[in-house]
Amino acid sequence: MVVMLRYVWPLLLCSPCLLIQIPDEYKGHHVLEPPVITEQSPRRLVVFPTDDISLKCEARGRPQVEFRWTKDGIHFKPKEELGVVVHEAPYSGSFTIEGNNSFAQRFQGIYRCYASNKLGTAMSHEIQLVAEGAPKWPKETVKPVEVEEGESVVLPCNPPPSAAPPRIYWMNSKIFDIKQDERVSMGQNGDLYFANVLTSDNHSDYICNAHFPGTRTIIQKEPIDLRVKPTNSMIDRKPRLLFPTNSSSRLVALQGQSLILECIAEGFPTPTIKWLHPSDPMPTDRVIYQNHNKTLQLLNVGEEDDGEYTCLAENSLGSARHAYYVTVEAAPYWLQKPQSHLYGPGETARLDCQVQGRPQPEITWRINGMSMETVNKDQKYRIEQGSLILSNVQPTDTMVTQCEARNQHGLLLANAYIYVVQLPARILTKDNQTYMAVEGSTAYLLCKAFGAPVPSVQWLDEEGTTVLQDERFFPYANGTLSIRDLQANDTGRYFCQAANDQNNVTILANLQVKEATQITQGPRSAIEKKGARVTFTCQASFDPSLQASITWRGDGRDLQERGDSDKYFIEDGKLVIQSLDYSDQGNYSCVASTELDEVESRAQLLVVGSPGPVPHLELSDRHLLKQSQVHLSWSPAEDHNSPIEKYDIEFEDKEMAPEKWFSLGKVPGNQTSTTLKLSPYVHYTFRVTAINKYGPGEPSPVSESVVTPEAAPEKNPVDVRGEGNETNNMVITWKPLRWMDWNAPQIQYRVQWRPQGKQETWRKQTVSDPFLVVSNTSTFVPYEIKVQAVNNQGKGPEPQVTIGYSGEDYPQVSPELEDITIFNSSTVLVRWRPVDLAQVKGHLKGYNVTYWWKGSQRKHSKRHIHKSHIVVPANTTSAILSGLRPYSSYHVEVQAFNGRGLGPASEWTFSTPEGVPGHPEALHLECQSDTSLLLHWQPPLSHNGVLTGYLLSYHPVEGESKEQLFFNLSDPELRTHNLTNLNPDLQYRFQLQATTQQGGPGEAIVREGGTMALFGKPDFGNISATAGENYSVVSWVPRKGQCNFRFHILFKALPEGKVSPDHQPQPQYVSYNQSSYTQWNLQPDTKYEIHLIKEKVLLHHLDVKTNGTGPVRVSTTGSFASEGWFIAFVSAIILLLLILLILCFIKRSKGGKYSVKDKEDTQVDSEARPMKDETFGEYRSLESDNEEKAFGSSQPSLNGDIKPLGSDDSLADYGGSVDVQFNEDGSFIGQYSGKKEKEAAGGNDSSGATSPINPAVALE
């Protein structure tokens, strides 16, 4: 059996129980036990004639206990009494007096039970039996009570005496309760008190009812007739106490019980009662006021409640008082109750009996129910300070003692035995137990021994020597051995030996010391924002032989993943907390535990964020509202772990701008109040928002609203302007005041104006709108203008004078051009002379320069004209036009403009010189042989002058020699050039540039490439084969730069012999650049092996299997193609195609023809957008945005996406423009025909078939 040591320590606390009784584990010995009373009747029993009376007395002991009773100190034998039934149950001496014989009165008295066996006698406490008869009210004659109105009266009750006080109720003959209040009330004695009587109290049936719960009966007193004599003059009188009647009294209160004090007063008007405790404050938590304050009940009386309690009765004429002097006393109570003990021979027995009470109780000792004087003849017992002491006890000294304490308030009794026994030593802990603990902890090896005398216990190691030589080993009195600071070498066997004068016994304990659990990486404290997530990591090392786990706690609570929430994610020693809130902050612990130990590592999480709402907004100093001020205060907001930097104070006017908040300012974060400067006539509702480094928090709840008084405006409108929108008027405008500056419910504006420089009378008008139109003015005349705010409280401050102007007219003068300076082929400077301001008819805003391209110098454009604009300020008389096309004609116009619009234009025409041409288009490399390449290209899109030819250069990309070779090609119409004597092992970089008469070479186009030998064996990229029922398609991607060649393709049916030789496909010649080949007339559902062969060298092979899913090539013999309907159908299609071709030819003829070299003259700006005449912006030129764009849909993109001819294009794309023949090795044996080449070279104006030297159409 393995004992987990961390659960052992609490067991040690129970070790004192060995002194109280023999352990249950001590088996095999018939141990005797002195009598112990287990149940007895209460100290006082009140019974009635019909009740059964049970007197209980039960006790345990070995041998069997015998019982006897005394009544009033005389031996009482229940079995011999008539009407008494004795309980025959084991361990019981109880008996019952049957109530149906009305014997209760005869059995009144004080009883005591004695339980005895040969070891001693136990004694019960005294049981007082009180028998009562049926309660009866004595016969009496009740006389009417006569009293004058306003006087006091007491109606007596005087119920029959009883051991159990009855409950009193006052009712009338109709069984209705007598209403009680401050004037009429019942005292604790049952009497009914009237502080003063009224005529309404005149009744003849005041009946006192007494309820006796013990007999379950209610008896009535004879009705009392209360006669009230009316009077016309009720005399006021000061209070007088009806109970108690004297000025003071003394009471004794028992500690722990309740104290009831009562004061009932009479007087007119009816007095009120209050209670005073002069020495100390009244203990309000234990005081109950009842009966309209006439009764004070003090609960759980203690010694501190000693002292004076005064009741004070008051009305308008005076007062009366009574002083209760309360003394707190106590019945006896235990400080230390004597306990039963087991002793061995020769030991000293001591029984302590410490009792307290007020007055101090008297303590007496009994032995086996007999007084000390009777049994202590040899003076063996002695009593010291209430304790009973016996020295050198022997088995014959076994006894049961009684300690009894008594004062006038009660008595206490306790039985305790001294049991002197002789028992052999026995170890109650199981033998050969295994204990496990971890290094560094404390192990507890148990050895619970029992015997009489108490055995001595010692621990030995495997060699039989005591273990106490090591200071880490410590034995406890209960036999347990503790080993602190455990080490791995403490593992082993230990022996516990217990011995007394009768025998000795030994048990074995096995100790295993394991590695202690350690946290190698604990969680680290973190500060995270609200809404973020945090990850805590924990790693630990464990003893490999123990089951281990890592768990997490948050503020001491175990954390677990919940299926209905993704708040926590726990896995592999990680704790992830999602969607952090402020409630998540706290201490988080990683707990690494085994069944033996656990270690914990803590980290603190702080959740930071914007502050919480500001609480407790309060307005004060409202008298300052007359000065448009108020004091606002608040309590600090929750800072959420980031100091509050400032508070933002905002207001809302629910009348003028509901749900819109305006800032009144900010105060430092350590300030929680401020006096606000307010505007007149605003309905203010305030709120405050706290701000820290993470931003503003939630706004506070809104404050109550306040309204400031009205006042005259303190501001005038700003941004006053005078401008005409017609030539004969002036529109005066201004920025209206915000409503919070009105200072009143409404606002108006007093507008004044007069011509500038003339001391004329101000013309004025008051308006509500933020504008005024002044009509019938002269064109562009200056005016002095003033605008003043006005409300029902007065005018605003004196306004400032603003100069405005009446309406403008169009300028009447055009700028005179001075000259045009040409900087280069794309930039010119245009200059003009300033215009006469008197002719502008308004404010000169600037000049508008308009220019547009008319065409190249060789040919003017007939296309849509796009105009570009530049706007320059009024103080500038020149403009730079940039981004122009070289070798082109331009038209320029300059106009002055004012607020009304543009004036007349000055015109000029100029031309730009030739410039550098653009780069040639579409440079392609075509392999001719392993040492030669054919280059072909297209001319530049932008000639920028007259082309004079091309400059071609190239050099190897790698290798030792990088000599640059140049070819000056002087024919501008040239489109191809053949290069020979190239090294087949090198890669070359080719560069081609165009030239003009005045510039060049221009921008270059660059390509890299080489001949076939550079790339070695041909590459069939992404080759694949697909099949139908009787055909197969082989497809591949020709490699870029690879020379074209021919090869055989052979389909061979598998297995051999499946297909007859007549149906075997014959080898076919295929060109590399054609990218695919289709083989027909294959057999369905047959596997074929495909071989690609060149000069008996296998280039590639693959397999394919035919099926029935594809189209079937049909033989012409007997097919539907010979049917008449099919021939007619094909003829109709051909006819339709001819008609379409004719229509297309007609349409192209109407569109005109143009050569490639003139394309730059006919380009159209597809994105051109004409500028509105009335729109003038910053300096800009749309020319540069659009001049260099391609033709749109008719020209290729210039972004490099065009594939070079001869790379991915197959020879089939060239149509009939080239005659090509191949030898067996794939080399060319023919040349381009002279006719085709001539047509291609001179076909720039046509859109005929594409050829290798005329790719214009192929680029589309």
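Each residue's number is its place along the chain shown, starting with 1.
A Cβ is built for glycine as well, from the same backbone N, Cα and C atoms used for every other residue.
The record in Swiss-Prot pairs C57 in a disulfide bond with C113, which is drawn from C14, C17, C113. Here the candidates are N725, N1244, and Swiss-Prot annotates N725 as N-linked glycosylation site.
In the disulfide annotation of Swiss-Prot, C496 is paired with C447 out of the candidates C447, C538. In Swiss-Prot, C263 is paired through a disulphide bond with C311, chosen from C208, C311. Swiss-Prot records phosphoserine for one of S200, S525, S1155, S1246, namely S1246. All protein chains considered, the CB of C403 (disulfide bond) has 24 other CB atoms within 10 Å. Taking pairs at least six residues apart, the domain 'Ig-like C2-type 1' (35-130) and the domain 'Ig-like C2-type 3' (239-327) share fewer than three Cβ pairs below 8 Å and do not count as touching. A separation of roughly 82 Å, to the nearest angstrom, links the Cα atoms of C157 (disulfide bond) and C538 (disulfide bond). Over the domain 'Ig-like C2-type 1' (35-130), the average per-residue pLDDT in this prediction is 90. C538 (disulfide bond) counts 24 other C-beta atoms within 10 Å of its own C-beta, drawing on all protein chains shown. Counted with DSSP, the domain 'Ig-like C2-type 6' (517-600) comes out as 3 helix, 45 strand, 36 coil. For the pair formed by C590 (disulfide bond) and C57 (disulfide bond), distance between Cα atoms is given as 59 Å, rounded to the nearest Å. Helix, strand and coil counts under DSSP for the domain 'Ig-like C2-type 5' (424-506) come to 6 helix, 40 strand, 37 coil. For the disulfide-bonded residues C263, C496, the ranking by surrounding Cβ atoms (within 10 Å, all protein chains) places C263 first. Taken residue by residue with DSSP, C311 (disulfide bond) is part of a strand. Non-local contacts of C353 (disulfide bond) by the CB criterion (under 8 A, 6+ apart in sequence, same chain) comprise Q336, K337, P338, I363, W365, G386, S387, L388, C403, A405, A414.
C353 (disulfide bond) falls within neither a helix nor a strand when secondary structure is assigned with DSSP, and so counts as coil. Neighbour counts of Cβ atoms within 10 Å were compared for the disulfide-bonded residues C57, C157, C447, and the top value is held by C57.
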